[in-house]
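S.K.: Have a look at this one.
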Amino acid sequence: MLDNVRRRIRWIVACSGASLSLAVLLLGMMAAGWLDWWLRIDDVGVRVLLALAVWGVAGMTCWRFLWGPLRTSLSDVFLAEQIERRYPGLGGCLSSAMAFRQAQCAAEIGSPELQRRIIAQAERELQHVDATQIVTARPVRSLVLTGMISCTLAALCLLAYPGESATAVRRLVWPWGHHPWPQTTVLQLVRPDGSLVLWDSAEPWRMVRGDILELFVENARGRLPEQVWLETRLSAEGVPTRELLPKTPASSRAARDRAALNLTAIRGPIDFRVTGGDDHSMPWHTLEVIDPPTIQHYEIEITPPEYTRQTPAVLAAGSTEIRGWLGSRVRISAGASRPLRSVTLQGRDRPPQPLPLSDDGRRWTAHFLIEKPDSTAVWFQLRDREGFTEREPLQFDVRGDIDALPAVTLVAPASDQVVTPDAQVPVEIDARDDLGVRELRLVWQRGEEPQQSAPIFQYVEPQAAVHETFSWNLADLALSPGDRLSFRVEARDACTIGPEHVAKSAPRTLIVASPLEKRAELQARASELLEELKEAAALQSRLRDQTVELHSQLATTGGLRSPDRDLLQRLELDQRNLSSRLSGGAASLAEQAERLRAEFQSNHLADPDTETGLEQLSRQLRELTRTTMPQLAHELTQAGKLLSADNPAAPSADPLEPQPADRSPEREAAAQSLELAARHQTDVIDTLNELESLLAEWRGQRDVGRALMELAREQEALLNATAEVGAQTVAKSAAELSPQQRADLARLSGRQRRQAERIQQLEEQLQQLAQEWRAQDEAAAQAAADAAQELQSAQTQAHARQAAQDIAANRIGPAGALQRAVQETLTALQKEWSEQEPDDTEQLVKELQGLADQAASLADQHEQLRKRIDNPDVPSAELSQQAAELRRQAQRMTRQLERLRLRRTAEHARNAAEHLRRLERAADDDADDVDQLRQEHAQAGEELEELQRQLQQDRRTAEERLAREEFERVARTLAALLQRQKSAIAETQRLEQERLARGQWTRGQLRSLKDLADVERNLAEETQSLAKTFEPAAALKAALTRIGASLQRAADRLAERLTDEVTLRWQRDAERRLEQLIAAWRQPEPEAPSPNPSTPPDDASRGETAEPPGESIPLRVQLHLLRNWQADCLERTARWHAAHPDGTNLSDEDQSELDQLADEQGELARLAQDLADRLSAARPAAAPSEPSTPERQP
């Protein structure tokens, strides 16, 4: 048992001691080696001491913990004592037994038997004791683990750093030997792409002077040292210079950090290398510097685009700035300093362009276009036969000048306008372009319809600046009141580079109104002009008063006070401003009057009186500012100068006190100048007052119309308010009314009473206007008198007063009836007063038809009155009432006819009204005098019959005039179509000539060709549309249809880019047919009989006769058209037969022409037969139905 314990103890001591000693040795060697590596200890003595320390500590540990314990003797007694300490229950018998046993039971100690018993007992007890529990190995495990960790660390260091580990062991084992540490820095050069630079002394680097050698420096064994140096020298014997290289962060391509090496090749050869850290062993690399190929001479020529019509220009020698229009072609011819392998034209935002070289490789020529407006650079990349290029080649600055868009301004109309459907709108255009305007085009849009356009001015030679005016006839657009027509002017230049250059003016909107509305607008503006004229007259009167006061001051005191002198200066300035206000600019009264007169004319609002008044106003204002106003300003200025030159006032004098009278010549002259100025001012006032009286009629008519409208509106409001209040009070007596209801009735009664007073004032105003206008305008005076008479005869004022009394008494029913009668009278009178003479013949025809219907109705009612007169049972009051109603209708017709300026016809209506008035009075005075009633009735009937006959004549005359206007409109339309077709033919010929000259289409020509096709297509559509309006006139419709077909074929061929003779043939065919149609249309008419002598002089101007379109197209026009058409067919047939006498071997084109001739001849036969039938049918109706309406024969 004790032997097992002894062996276990020695094994544990050996393991723990060996582990501890090995751990101390390995850790010590690692610590010493790290310290030696970190400090780079090269001193042998220090290394010896460090080695002794390591080995000494390791030896002492081995001696103390391994060798010493193993040498210690382990006796049985010692082991027994240790066991008893571990197990106290043994009671010390084990140590005694081991002592007895060691003494071999000697008798000297005691009884041997007893000793043997004790030994046996101890052995028995030891059999129950586990040796592993006596000596535990747990404390030794940590030492063994420490030794194992030390071994692991040493193995890891050996595996990770084998060279360093071996060097460290050698330096510790043999510290006085030469065992240097391995290098930590191994510098190497790499290219930007990551490839390694290998040193070769036989092939040095070669670079162009000025280029930069770009390399990177890396450490093959880890991170770069803190400082990396570039060493350079000019030769092998030169002293190197050092430069610290900057570090760059590690990129995705490089796992290590880098230092950037940038070496500029300026002069050479040059040697370079890199050092840093503990690496100073890089060999010297050699860099040779050579000169690059360069441009020795060059010539630049700039050829502008063809549309600019400018000649090519050669730049001065040495110039590098290339500037030209966009689209210019640039030619550069250059030569190099030495033979080249290749040359490439390069530039920003353009692909490289290889250029061909001459045979000697030193000359080349480059061509390119200036395509961008921004400044850019181009250069030649030269590469010699050794592959070298120039780092910074000569750059040429290329700048393209933009052919700016044309500038176009719509001078007139200056703003949106209200126009009539057939207005002639004056259009004034200013356009300019740096290289010339080629075309002006009018673009318009009616409401939401698609836009339409048409060229208005085209220039063969582009114009730098143009100012054009033309009159736009809106009648060709068939506008209606309420339409909105937006238009603008577009200017195109001749640029063929890039998108088409189109400049657009600011749009204008034409609001189409009826002639009545336009006339009302112009009259309103004329009234505003009158207000401004009044203000100018009032201002001139104040200025004259001030001049008279200054003259009086100067004449009385002989001098002017300081405030008077200031007043004279202000007076001079105010007088000058007034002169400008009268006639001195676009906003002056003279210009406004001229524009008003022009609008009357352009909108076809025939009003000779108004136009004459406006023309006189404009002329007199201009004459005033040309003659009187300059003299007036001169006198005022002269007075101021004279008084300034002769100023006797002392500086200390009181400026408010007049100076002593001193009749100096200067003051006398100043007083005379002020007196003359006052006379001129009086002349100006008199002229302005005369002009004001001239325009007063406009204001009076406008005031009356406004007063009637306001009275009608107020009466309608009163009627509604009375009905609303009456709904609550109608069934109540005065006692049952609440205070609020009585207040409401009183308020309404007061309003109705004031309404009656305003009606009375209007009657008085109308009577006064009738007297004032009697000498100026008989028709206007009569209209005012009739309106006043209408108010009196309808008892409008009396009814309004009676209605006020009925409202106050809560008699709502009678009051409402009276209010309604007053309101109807005012509304009818306001409507009649607002109506004006119709501005177009078509409206005149419609109004005359309405008046004819009214006259027929009036005649029927007049016949019924005759029957009631013959009936004795009819009360005289009813006869009087019916006669009064007929009289009012006759008076209303009189006013309408006078408004239409049909004075002779209006005279019959007025006479009928007068006889009806007498009949009314006779019925009131003496109902038994039937003969007088019948006489007045018969005379009124005769006037009504004459009225109807005259209205029929007026209507017939207006219809003939309308037909003539339509006839002339069609003639103008056909002439415009022909003119546009001639322009289209000329443009086709021009485009064909340019195409033949160039051999191909240019972009600008293609745009012109597209516009030309659109023009022909629009002409075809307009012609077809015009043909539909002549449905009954078969010959005219057929001619227009064939013209449209020819135009459409020409448009289709132009759309296919064909401008050959076939296209021109179709265009000329349409031109020829249009000329034939116009020639037939303009045939002189047979002499017409003189108009009916009964037609009044003022209405004779309406008696122009013409045939309306459609069924009423003169048969002579259609007959002449067919004759010309047949002659044309005959000529074309003869020409075709001459070209093909045998009629064989026909081409498709010849056969098509023959088929067309046959088709036209058949259609001519059909149209001729139709026309003959119509002529036969027209002969029986040749006799005129009335002498005053002659019928014309074809």
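Each residue, glycine too, has its Cβ placed from N, Cα and C.
Annotations in TrEMBL come from automatic prediction, not curation.
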S.K.: Among the residue ranges 290-324, 430-464, 745-779, 815-849, I'd like the one that TrEMBL describes as coiled coil.
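M.R.: The range carrying the coiled coil annotation in TrEMBL is 745-779.
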S.K.: Are there residues at least six beyond either end of the transmembrane segment (143-161) with Cβ under 8 Å to its Cβ atoms? List them, or say none.
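M.R.: For the transmembrane segment (143-161), the list is 15-16, 18-20, 22-23, 26-27, 29-30.
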S.K.: Counting only residues 6+ away from its ends, which parts of the chain sit with a Cβ under 8 Å from the region 'Disordered' (868-892)?
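M.R.: Same-chain contacts beyond the flanks: 786, 789-790, 793-794, 828, 832, 854, 858, 861-862, 909-910, 912-913, 916-917, 919-920, 923-924, 927, 930, 933-934, 937, 940.
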S.K.: Could you tell me how many residues in the region 'Disordered' (868-892) are helical, how many are strand and how many are coil under DSSP?
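M.R.: The region 'Disordered' (868-892) comes out at 20 helix, 0 strand, 5 coil.
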S.K.: Could you give the mean pLDDT over the coiled coil (519-546), rounded to a whole number?
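M.R.: Averaging the confidence scores along the coiled coil (519-546) gives 82.
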